[in-house]
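Pulled from TrEMBL, these are the features on record:
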- 134-180: domain 'F-box' (DOMAIN)
- 234-273: repeat 'WD' (REPEAT)
- 274-309: repeat 'WD' (REPEAT)
- 323-362: repeat 'WD' (REPEAT)
- 363-402: repeat 'WD' (REPEAT)
- 403-444: repeat 'WD' (REPEAT)
- 450-489: repeat 'WD' (REPEAT)
- 490-523: repeat 'WD' (REPEAT)
């Protein structure tokens, strides 16, 4: 009997011996199995099954048949021989016939037979298949695989690269990472810094390493969202710092003692001190690379234009131009090309030509001191102690709209025409968001509902995706410009934050405590 079974056993792999032993525990060859006989004709073979009259029908291994079905008789001696004949007959069928027979047999299987099948076939599912037969990306054309991967976000794409070598190769394709890195969410707000970062990750063949570019951008944004940065402190002012600006190598700060200091960003050393204003310096603007142009406004009612040159061995500065016209403190100014717009405690906003020093026009409609101003070539936006924000047409200085909602002086503001947005800070501790086109206040950030500041908002800057604000509560807060959600709070100053400036990598802030701090978010 065991010899008769050897043919069928040889058809299985060597790994099935253990499985067969499990099978025999439940179905011994000596059990009362039905005898199966066959009869053949010219075109098909039929299997006849007969019941033994003494069969106990409650046996779970034997299917229950109706009375009109054929009877099964149990003959132990003939089961093995009939089994061999069935196997030989199965070998004579072609693949299509074998598959058809298997479908019919599987349809008649019960739970115990399914269990047996799972044990017998577990190691043979892909016995003759290629190694990557179950890998969908290996079976698809490259273009389709690439398109599927291009739909993934950055985290999913990174996880897919760990599946195997093929997936790593596909997921590392530069075009996938270029698409991610150039999305608005990950692009730098400064086009200059964006291009510089790409150039710093360009290889000898002038090909940008887009994966590394994206990884750096991802880490940088993560550090902003979590407030992870390194802080440097610059000491030298003897009174409070009222204004700060910076470029790629230097930080420039103005103080209430009337001086302007230039600092080395890397070493924190003071490079040069500019003395020219007779009273407190209240506002600064800096641009240029090799020769820096600095514009400053003061309590002495004047605006000065400076030229500063700095290299490793020497530095020089000179006041090129002094603009006179305001009759009180020059509290704020902003510069574009050769045009300067300034706001003063004399309640006026003035537009200047920095080439010849002429005042082009004066805007008068505020009823109290002008504390902040911003402009582009379409609009001028100003905030005042009269608790209002005014929107002026740049070309002729006509006041188009007045925004009123703050309960205190408007101390700082930012506007973006593309986003149809004005952001303002006030003496009432609130930051408000406005629609530029309609003048409607669309959101308020306060300390109760939005974890806002608990002191006067002294300074505020923004770019395409974040707002950075400083206040008398000694903190700097970073906000999502679209949702108004607070992203992080930075604490290091020992007194109120009076001024700040920032780019995609850095925040530079000044305080009543007399210090200048550099917050570096570089990964």
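Glycine too: its Cβ is placed from the backbone N, Cα and C atoms.
TrEMBL does not curate its annotations; it predicts them automatically.
Remember, predicted model here, so these are calculated numbers, not experimental data.
Taking DSSP states H, G and I as helix and E and B as strand, the repeat 'WD' (450-489) has 0 helix, 22 strand, 18 coil.
The helix, strand and coil residue counts that DSSP assigns across the repeat 'WD' (274-309) are 0 helix, 25 strand, 11 coil. The stretch with the most CB contacts under 8 Å to the repeat 'WD' (274-309), chosen from 323-362, 363-402, 403-444, 490-523, is 323-362. Note on the repeat 'WD' (234-273): residues 279-289, 292, 294, 296, 298, 306, 308, 310, 315, 317, 495, 498-501, 506, 508-518 of its chain, located 6 or more positions outside it, place their CB under 8 angstroms from a CB of the stretch. Same-chain residues lying 6+ beyond the ends of the repeat 'WD' (403-444) with a Cβ under 8 Å from its Cβ atoms: 368-369, 371-374, 376, 378-379, 381-391, 450, 452-462, 464, 467, 469, 471, 479, 481, 484. Shown for the repeat 'WD' (403-444): DSSP residue counts in helix, strand and coil, namely 0 helix, 24 strand, 18 coil.
In the predicted structure, the repeat 'WD' (363-402) carries a mean pLDDT of 96.
Across the repeat 'WD' (490-523), DSSP assigns 0 helix, 19 strand, 15 coil.
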